[in-house]
Structure formats: structure tokens, C-alpha cells
Amino acid sequence: MSKEIALTLDSRKRLGSTYLKLTKPKVVALMLVTAIVGMSLAPVTDFPWIQASIGLIGIGLMAGSAAAFNHLIDRRIDARMARTHTRPLPSGDTNPLSVAIFAVAIGVVGFVLLYAWVNELTAWMTFLSLLGYAVVYTMYLKRATPQNIVIAGIAGAMPPLLGWTAVTGELHGNAWLLVMIIFIWTPPHFWALAIHRVEDYRKVDIPMLPVTHGIEYTKTSILLYTVLLTLVCVMPVLVGMVGFIYLFSALLLNAGFIYHAWKLKFAPEPNSAIETFKFSIYHLLALFVALLADHYIGMVLQ
């Protein structure tokens, strides 16, 4: 009897792990960090903790739903790529119908939470972001143009704005600046990975930039985008959102990103592309933590 219980528990753990993987939890976690920053920087006199918490849950569920739809739609090309062939669907850990039901279910729950307990604006904007990633990007742009990441990057850049609207119920230019940071960060982040996995993308006929325009062109594009990103990252300081702590951190982090991009272009080593990709993740996380730290330290010192 105890053996049967142990087997049942083990089976449930594996099932839970499978469905957690479908939501791309690390990606969603980073998105939620940026949403928290959007909430924290929003000008509210009495912070709505319960509303904000429900907002994070709703945004997280809908982001997880978009990720699950991505797994579902891309299952055939995932099976042929070295980076993705062990994902739940290609590996046979689950089936398309179950993934579709799961994606719809958590998406609906997330939307209802946002619509009923946060505000309609956040619910609909999060839904549009889901459509942008799962439908516009995954179903069309990814397979249609090498500018797929550039055009669809807005969908993945929305969490700071969603966090802002979750606690204020309104759009604001400062929140769009946070969106712009992620929007400009996205192409060099993904293009570095695309260089590292260029043969994978070529094999499945996905027109990523290094496949269509060549690796050297892509390296140049990455370097130019990191310079542009540095300029965009200064803008929150110029409008008075944050101060010196963030400015120093942003300049340091962007210098690191430019260094990796420069090295990738002019002094590449076998792992330069994947190292640039990995650094970009730490860059974005640290940048938004710096926004948060500057904001709260500034409040204490006032």
C-alpha cells in the first residue's frame, strides 16, 4: 500500500513538474519582477497591497498561459531543435489536448482575477499581451520575418506597464519608459541566443536574423542595440523617476552589456554568444532591482 502511495505521489510530482515547465517559470519570474517595479514606481498614496498581489497572480497566470500556448504551437519545431527537444510535448511527457486545456484554464483564471479584483484596463492589456506573444509572434511573425523579435518585443515588454496600471488603473508616460527599456533590450538578448543556436533555427526554417542576414550582421546589430539601450536606460533619470543609485547601476550594467557585444563582434570566442545571452538576463534583472532600490532608498532619505 505504501509503495502504491509513493508511486502515486511520484507520478503527481512529475505531472506537476511537467505543467510548471510549460509556463516557463524563470521567464515569468523575471517578468513579475519588472511588474513589481512598475507597481512600486507608480504614484499612489495608499498602496493597494491586496489588489497588487492579485494583480501579480493574474499577470503571472496569463504569462504562463502564453508560454504554454507557445509550447503547443511550436511542438513540431521544438522536436527538431537541440535546445528544445526535451520540452514536455516533444519528449512525450504530455499531449497537445492537455496542454491546450491547461493553457486556456490558467489564462481564463488569470483574466477573471484581473478583471474582477484589479481593473478592466489591466485585464484587457494583459490579454492583448498574451495574444501578441502566443498568436501574433508564435503563429505568424516568428515564421515570417527576421524582425520577429523586434516587432513582437512589445508583448514581452509590457509587464512594468501592467504592474503600473494594476495599482493606478491608468496609463502613464513613465510606465511606458520602463516598457521601452525591455523593448530595446529584447533584440540583442534573443539575437545572441540565435547566433549560438543558428544551425537549429536554420534546420527548422525559422528566419532569425543570423539565418537570413548572417552572423556578422547580427553581431553588429547587437552592438548597436546595446548602445541604444544605454541611452534609453538613462531616460528614467532625466524625467525624475529615479536618481543617482539607478543611474550609476544602469551605466555600469550597460557598460558590461556593451563590452560583451563588442567582444562578440570583434574578439569572439566559442562561447561569446551564449555568454552575451546569459549576461543580458542578469543585466535586466539587476537593472530593475536597481530601479526598485533607488526608489525606496530615495523615499527613506527624503
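Using N, Cα and C of the backbone, Cβ positions are placed for all residues, glycine too.
Within the chain, the transmembrane segment (27-47) has long-range Cβ neighbours (under 8 A, six or more residues past its boundaries) at 55-56, 59-60, 63-64, 67, 156, 159-164, 166-168, 172, 174-175, 178, 182, 241-242, 281, 284-285, 288-289, 291-292, 295-296. Annotation source Swiss-Prot lists transmembrane segment at 27-47 (among others).
The transmembrane segment feature in Swiss-Prot is assigned to 49-69 (among others); the stated evidence is sequence analysis.
Here Swiss-Prot flags 98-118 (among others) as transmembrane segment, drawing on sequence analysis.
Packing against the transmembrane segment (121-141) from elsewhere in the chain are residues 55, 58-59, 62-63, 65-66, 69-70, 73-74, 107, 110-111, 114-115, 147-148, 151-152, 154-156, 158, 161-162, 165-166, 169-171: each is 6 or more residues past its ends and has a CB under 8 Å from a CB in it. The transmembrane segment feature in Swiss-Prot is assigned to 121-141 (among others).
Listed as Cβ neighbours of the transmembrane segment (149-169) (distance under 8 Å, sequence separation of 6 or more from its ends, same chain) are residues 31-32, 34-39, 41-44, 47-48, 51-52, 55-56, 59, 63, 114, 118-119, 121-122, 125-126, 128-133, 136-137, 141-142, 175-176, 178-183, 186-187, 190-191, 208-209, 288. Residues or ranges marked as transmembrane segment by Swiss-Prot: 149-169 (among others).
Residues 34, 37-38, 41-42, 149-150, 153-154, 156-161, 164-165, 201, 208-211, 215, 218-219, 221-222, 225-226, 228-229, 232-233, 235-236, 239, 241, 257, 261, 264, 273-274, 276-277, 280-281, 283-284, 287, 291 of the same chain, all 6+ positions outside the transmembrane segment (175-195), place their C-beta atoms under 8 angstroms from a C-beta of that stretch. Annotation comment: Swiss-Prot describes 175-195 (among others) as transmembrane segment.
For 228-248 (among others), the entry in Swiss-Prot reads transmembrane segment. For the transmembrane segment (228-248), the residues of the chain that approach it from at least six positions outside its boundaries are 41, 173-174, 177-178, 180-181, 184-185, 188, 254-255, 257-258, 287, 290-291, 293-295, 297-298, judged by C-beta separation under 8 angstroms.
Under the heading transmembrane segment, Swiss-Prot lists 281-301 (among others). Only residues 6 or more beyond the boundaries of the transmembrane segment (281-301), in the same chain, are considered here, and those with a CB under 8 A from a CB of the stretch are 30, 33-34, 36-37, 40-41, 160, 178, 181-182, 185, 189, 233, 236, 241-246, 249-250, 253-254, 256-257.
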